[in-house]
């Protein structure tokens, strides 16, 4: 187990202290739930001289968006280390993968945000803040679109792989409201990338998508998944990955425009092939 010691103070409606412990305490902070009280726990200090108005001002200052948990650089480093360990140990721990993306991706997110600001469609997305959720999708209408259209193939992907856009973790640890939306948008278009890249949700398909996303976004989380993900593959799949799929994913990532600059909600009736061509994604190999 990785000892994390004191995680210090984190603002979440009030001062919250973390007891010394192991990755269990890290998990509670990452999931935004109260940590169990252990030896060394001290109740938070209460200043009876602070007025109600000052409490409101503090809350506005610390919580930048709903669900935001402000953390210090040290806390982010500890969260990153623990999340990386758990994500490598179990790549299907999407909660830990999400924490790792938020605590290590500030520079990459700033670069992505700047690309969106300088693109007309990307700028529109930043202004309107669309969300891809079951509550915002006309799933019945998308199922009624012709085969080969982006909307029809996206819903087919969801049905075939039994996944839902509502499973994406909410952002907690990004200390900038606009950057928080950028990483949320990245998460919500992830399944759209599977559809455009023609990749399933098995380990091989996820690694290929991570290579594409690593080139596209520069997020350390994607790079980590792309580099260390293949260690779980057998020899035959590893050969296919290294000789065919990774070279194709890297070429597509370099050739494609920034995938966050496309308002996919307005392109459901466009064919997958024409959208791939517009973005710059090369025709995918068969796996």
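Using the three backbone atoms N, Cα and C, a Cβ is placed for every residue, glycine included.
According to TrEMBL, the Zn(2+) binding site annotation covers 190, 191, 194, 206. In sequence order, 91, 199, 225, 229 constitute the residues six or more apart from residue 206 (Zn(2+) binding site) in its chain with CB-CB distances below 8 Å.
Take the binding-site residues 190, 194: by the count of other Cβ atoms within 10 Å of each Cβ, the lowest one is 190. Take the mean position of the Cβ atoms of 190, 191, 194, 206, the recorded Zn(2+) site; other residues of that chain with a Cβ within 8 Å of it are 163, 192, 193, 199, 201, 205, 209. The local packing around residue 191 (Zn(2+) binding site), expressed as other Cβ atoms within 10 Å of its Cβ over all shown chains, amounts to 21.
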